[in-house]
Amino acid sequence: PLQIVVRSAFTLGCCFGELKARTVWLGCPEKCEEKYPKNAIKNQKYNIFTFIPGVLYEQFKFFLNLYFLVVSCSQFVPALKIGYLYTYWAPLGFVLTVTVVREAVDEFRRYKRDKEMNSQLYSKLTNQRIPSDMVFLRTSEKTGSCFIRTDQLDGETDWKLKVAVSCTQRLPALGDLFSINAYVYAQKPQLDIHSFEGTFTREDSDPTVHESLSIENTLWASTVVASGTVIGVVIYTGKETRSVMNTSNPKNKVGLLDLELNQLTKALFLALVALSVVMVTLQGFVGPWYRNLFRFLLLFSYIIPISLRVNLDMGKAAYGWMIMKDDNIPGTVVRTSTIPEELGRLVYLLTDKTGTLTQNEMIFKRLHLGTVSYGTDTMDEIQSHIINSYSQNSGNSTSSTPSRKPQLSAPKVRKSVSSRIHEAVKAIALCHNVTPVYESRAGVSGETEYAEVDQDFSDENRTYQASSPDEVALVQWTESVGLTLVNRDLTSMQLKTPGGHILTYYILQIFPFTSESKRMGIIVRDESSGEITFYMKGADIAMSTIVQYNDWLEEECGNMAREGLRTLVVAKKSLTEEQYQDFESRYNQAKLSIHDRNLKVAAVVESLEREMELLCLTGVEDQLQADVRPTLEMLRNAGIKIWMLTGDKLETATCIAKSSHLVSRTQDVHIFRPVTTRGEAHLELNAFRRKHDCALVVSGDSLEVCLKYYEHEFVELACQCPAVVCCRCSPTQKAHIVKLLQHHTGKRTCAIGDGGNDVSMIQAADCGIGIEGKEGKQASLAADFSITQFKHIGRLLMVHGRNSYKRSAALGQFVMHRGLIISTMQAVFSSVFYFASVPLYQGFLMVGYATIYTMFPVFSLVLDQDVKPEMALLYPELYKDLTKGRSLSFKTFLIWVLISIYQGGILMYGALLLFESEFVHVVAISFTALILTELLMVALTIRTWHWLMVVAEFLSLGCYVASLAFLNEYFDVAFITTVTFLWKVSAITVVSCLPLYILKYLKRKFSPPSYSKLTS
């Protein structure tokens, strides 16, 4: 639990000014003159005033809609008026209404989510995220420090130790915080989460107390307090907190398909202008020709279909609905409904590690003693060995190993397996930095939490705390085989044997783990026998030179690493009293030296680290999420390149890359050496260039250097790698890498993550996917798509991505075809009748044509699928074809244009050839044939029939036949019912559609697409 005593001015005023340093008085909010931002998160794109202008701008930014607005407005000019106003305004109004409503719904959902987050009231938090940036004043822990989890902020799995301000920690009681006269000065808010400068000043003491504050006195927002209770004073709120400053602003994402269609509409516009100019030229520029030019532009304006946007937007909504309703990927939410087609075009997938690929739960997997290895299924043997060795031992008072009395000079006899296991387990149980914590029983309230509670060492309420989850896993394992860590303070620790005896060890020295030394050591004295032992554990690289010569360590470490286990080597050395006293005096002397203190201390410790006895090798596994391996395999086969960006350490990242099969077993891994200067970067890039087909592992700092000097070369090399792992990445770096890939390759990127540190990367990518994890929902709220498990991404891309893209491509081109065909007919009609700018079809026929008569069958294309979902998942290689973008290109578009011109010409000339007496008949024959042709063309385009498609076809036909009765101002009803009318219509329709059916059949026979080979 975390208590926050809020004493800064939490005023609601919001200054949009520059970021300032501030002074916060404890308990005196009235002393704050400045106004600071309120502590709220905001994911909305608009506010109440910018909503309508913002949405309209987003709409008219598209060339298509702007064009229609101009056309519709021109109808108010009497000279240009063609037909009825509603023929132009009704479709435009409909489009805008649909869009505004959709945006409003999205925006309202965001508002509700934010409100839910912001309305949480805080005074005391239990296992919740810290709501704002604070300075840590006081804790219930006696040491004056506590652990916090920062996985949401920087993606690191290790817990961090934070220290309370000593002045306030020393106050006798909690209430004294309000009576002292003190303030905190904090620097202005900045991006870097790993640094902070400030001071704490208490004025009413004599002399005045000044204390400098650094990063270890802070509790940043969205971290969690893991131990004890803490009290803090708020220094940064809202958008000045570190976690918010590290997230970028959400941008409006536009899919590639929409951009491609926008290009095509521009091409159509040019065609429209050209056609109108040709018409006026053929007319011979007689009379007011510019007015005629404008009238032609309006007549042919149907070349550019306004219903394109409506159909696509409704299609997108339908895809979103299908994704959410898919039972195979339950809990999936589509938050940005405008880009489902992007899921079908991805080339790069950038994934987070912690919580996305792994569960962040460590499990002890293997103990290797050189001659014998124990796995998860043989742990019970270890347990029985331990029980035996301690039960023999309980007879005599000493607790040393049964067979050996403390005789250091005795010759080394090959020890029995039992005693070696005993030694190894004891070493693992002693050599660590873990503290057992006991939850005090219920009924202990408020202030008395600080009082000493009688602790019983019962197993129910014990939890372990340490900065790294690996250490906890090791200690939990020794507990499971019978040797339990029950108590620890600064000078001693106590172990409980299987028989219930308590063994006490005094801690004489401890050498903590650092990233340079890659090892930790501890010297303990056994209370009962007085033996002094130096235990050490660390990475195999560091330990291989320290332990005595052996022939198995390197090989076994390699074997475990290939399985993706994190390995630690454990060793020990027995010291005599004299040896230890000698060491202690040299060690203390080194600690007092002024120059090169660290070097001297390290040298003294190294004098002990020689010829140590190798005890065992341990392997701990970070459990992967369900089905990560098959999913990554599938994505790789689909031609998607996977990059892993993580805030975690290099070793951990490499391990997971191997165990998740991100890097296949046969591949080499090239670890990019740390570089700081231009020259080093150049050499290292050259070394990497010589390697072929190997995965790249690079750390954030080296990456920064390479991008500064050799951006283009680095990205080019990295893109050729089958897999790339970037470790120690800050949130902003992750987003930067995404933007780099977009900029250099021009390919579509997708980012997937689960923590607050992935938000900027998710928002920067073309398509962001968030996983709802144990970590909270920050990433899934900011993402475009939110899933519950990593494995769902396979189906999301292979099935839904594929379908959305294929369907939208077909739909978009069909709608264009629908507009082109009627414009061709208009052109033929005008040219036959002396280039008159007179509409062929009046008022309702035009509106009905684009809506009620053909709307349902055309829209039913969103139910079409070329491959069954099972096939798409079985053959992910099919996905590769999509990324080439062949479903919608200038080539396919030109084919549709030619089809439209052919059909429009046939329909119009046919009607003109076959009509006898009255002009009205031309309209009737051609319009009926046109509707029939459209319905048949839909049937031709469909690849897999769905019952709704059939319903739509017949429904539209029914609507048309029914409406003929009311349209007597356009049609001669007596003529429609004759047999001649029917045969003429049928003849024209057959001529316009039959050749296309024959062509399609031949094409499928002679060059079938790849998917049809699989389905046959």
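Every residue gets a Cβ built from N, Cα and C, even glycine.
Copied from TrEMBL, the annotated features are:
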- 32-89: domain 'P-type ATPase N-terminal' (DOMAIN)
- 86-105: transmembrane segment (TRANSMEM)
- 267-287: transmembrane segment (TRANSMEM)
- 293-312: transmembrane segment (TRANSMEM)
- Asp352, Lys353, Thr354, Glu471, Phe513, Lys537, Arg566, Thr646, Gly647, Asp648, Arg728, Lys734, Asn757, Asp758: ATP binding site (BINDING)
- Asp352, Thr354, Asp754, Asp758: Mg(2+) binding site (BINDING)
- Asp352: active site, 4-aspartylphosphate intermediate (ACT_SITE)
- 390-403: compositional bias 'Low complexity' (COMPBIAS)
- 390-415: region 'Disordered' (REGION)
- 781-1008: domain 'P-type ATPase C-terminal' (DOMAIN)
- 815-837: transmembrane segment (TRANSMEM)
- 843-863: transmembrane segment (TRANSMEM)
- 893-913: transmembrane segment (TRANSMEM)
- 919-940: transmembrane segment (TRANSMEM)
- 947-967: transmembrane segment (TRANSMEM)
- 973-999: transmembrane segment (TRANSMEM)
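In sequence order, the binding-site residues near Asp754 (Mg(2+) binding site) (Cα within 10 Å of its Cα) are Asp352, Thr354, drawn from Asp352, Thr354, Phe513, Arg566, Gly647, Arg728.
Of all Cβ atoms in the protein chains displayed, 36 besides its own lie within 10 Å of the Cβ of Asp758 (Mg(2+) binding site). Just so you know, of the binding-site residues Asp352, Asp754, the Cβ with the fewest other Cβ atoms around it within 10 Å is the one at Asp352. Cα-Cα distance from Arg728 (ATP binding site) to Asp758 (Mg(2+) binding site): 13 Å (rounded to the nearest whole number). For the transmembrane segment (815-837), the list of distant contacts is 264, 268, 272, 275, 279-280, 282-283, 292, 295-296, 299-300, 302-305, 307-308, 311, 849-850, 854, 858, 893, 896-897, 899-901, 903-905, 907-909, 912, 926, 930, 933-934, 937: same-chain residues at least six beyond its ends, Cβ to Cβ under 8 Å. On a Cα basis, Asp758 (Mg(2+) binding site) lies 28 Å away from Phe513 (ATP binding site). The residues of the domain 'P-type ATPase N-terminal' (32-89), classed with DSSP into helix (H, G, I), strand (E, B) and coil, number 29 helix, 0 strand, 29 coil. Residues 899, 902-903, 906-907, 910-911, 914, 918, 920-921, 924-926, 928-929, 932-933, 936-937, 940, 964-965 of the same chain lie 6 or more positions beyond the ends of the transmembrane segment (973-999) yet place their CB under 8 Å from a CB of it. Sparsest Cβ environment among the binding-site residues Thr354, Asn757 (other Cβ atoms counted within 10 Å): Thr354. In this structure, the CA atom of Asp758 (Mg(2+) binding site) is 25 Å away from the CA atom of Arg566 (ATP binding site). Neighbour list (Gly647 (ATP binding site), Cβ cut-off 8 Å, at least 6 residues apart, same chain): Asp154, Gly155, Glu156, Thr354, Cys727, Arg728, Cys729, Ser730, Pro731, Asn757.
Per-residue confidence over the domain 'P-type ATPase C-terminal' (781-1008) averages 89 (mean pLDDT, predicted model). Around the Cβ of Phe513 (ATP binding site), 19 further Cβ atoms fall within 10 Å across all displayed protein chains.
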